[in-house]
Amino acid sequence: HTGEKPFACTDCGQSFRHSSHLTRHRLVHTGEKPFACTDCGQSFRHSSHLTRHRLVHTGEKPFACTDCGQSFRHSSHLTRHRLVHTGEKPFACTDCGQSFRHSSNLSQHCLIHIGEKPYVCGFCGKSFRNGSTLTQHYHNH
């Protein structure tokens, strides 16, 4: 429990307490992905990532909301969903103070302040702040 990390990566210098952690880290540099899905062939660096991926094929959704019963494949998706019930909006705009449940909504909102309209119609060249508005616009052509 000394905090000593005697196992150092020769590529980047990052140090680890256990040699097994260094071995796992080395996969970042080699690009090796030894854990392959038998259903689709997609490969992963860590067995835990393969285990999580397998839920796509099994359809299993082990994380259930205690308020409404909706189920999710990943705990992070349940955490994000819980904001619907709590009403919490933890992502606030630093320009105007408006709050959002999801960081992606805040990012989209911030385009208003900088005037950016990255979604461009391929037919007429008109620009839009978000993809859904562009999709609605396409129906006019």
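Yeah, the Cβs are placed from backbone N, Cα and C, and that goes for glycine too.
Positions annotated as domain 'C2H2-type' by TrEMBL: 7-34 (among others). When Cβ-Cβ distances below 8 Å are used as the criterion, the domain 'C2H2-type' (7-34) is approached by residues 43-46 of the same chain, each at least six residues removed from its ends.
Long-range neighbours of the domain 'C2H2-type' (35-62) within the same chain, counting only residues 6 or more positions beyond its ends whose Cβ lies under 8 Å from a Cβ of the stretch, are 24, 27-28, 71-74. Marked as domain 'C2H2-type' by TrEMBL: 35-62 (among others).
Annotation comment: TrEMBL describes 63-90 (among others) as domain 'C2H2-type'. When Cβ-Cβ distances below 8 Å are used as the criterion, the domain 'C2H2-type' (63-90) is approached by residues 52, 55-56, 99-102 of the same chain, each at least six residues removed from its ends.
Under the heading domain 'C2H2-type', TrEMBL lists 91-118 (among others). Below 8 angstroms of C-beta separation, residues 80, 83-84, 127-130 of the same chain, each at least six residues beyond the ends of the domain 'C2H2-type' (91-118), sit close to that stretch.
What TrEMBL records for 119-141 (among others) is domain 'C2H2-type'. When pLDDT values are averaged over the domain 'C2H2-type' (119-141), the model yields 93.
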